[in-house]
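Here is the structure we will look at, set down as structure tokens.
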Amino acid sequence: MFYSQPGLRPRTWEASSPEHKKWVEVFKACDEDNKGYLSREDFKVAVVMLFGYKPSKIEADSVMSSVDPNTSGIRLKEFLDIVRKKKEAQLYRSEVRHIFTAFDRHYRGYLTLEDFKKAFKQVAPKLSERIILEVFREVDQDSDGHVSFKDFEYAMNSGQK
């Protein structure tokens with residue numbers, strides 16, 4: 001298993017006061033009838049407003065199935081928790097992309113075994129070439145001799161579990 005550096009993924013991320021205020025304002029704007037909760041459609045609009053994309057049916061189903069069954073939708077506290085988790089995931093993915101780009105010195109969009117060797121020489125100079133080769137082979141999911149960002153991201157996420 002490929003293990004990333006300890007502490008790479010933020011344990012919990014706290015929104016700044018202005019950001020938290022914005023989330024509350026978006027909640028209130030999407031709760032047009034002042035019901036105290038967001039319906040499925042209200043939630044989709046809120047995600048568009050905050051993240052710039054419309055959530056898929058699967059994402060909306062997942063969120064709606066996780067809310068308190070005694071309510072008709074997502075209450076403010078639940079909404080803030082969902083948005084915080086989405087923001088954490090967004091920041092983590094951005095951090096993984098940054099690391100990948102640092103390793104991809106030739107800007108090809110993939111990493112070769114040579115890229116891996118150079119990267120590991122910097123972060124773990126005593127690691128044997130055999131171990132680096134094993135890690136590379138495990139991360140290179142389709143065995144094409146290249147580690148794509150998708151391969152890299154999968155390995156980084158697996159290392160966090």
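For all residues, glycine too, the Cβ spot is worked out from N, Cα and C.
Annotated domain 'EF-hand' per TrEMBL: 18-53 (among others), in sequence order. Each residue in the domain 'EF-hand' (18-53) gets a DSSP state, and the totals come to 25 helix, 2 strand, 9 coil.
Annotation comment: TrEMBL describes 91-126 (among others) as domain 'EF-hand'.
If you look up TrEMBL, you'll see 127-161 (among others) marked as domain 'EF-hand'. Residue counts for the domain 'EF-hand' (127-161) under DSSP, split into helix (H, G, I), strand (E, B) and coil, are 22 helix, 2 strand, 11 coil.
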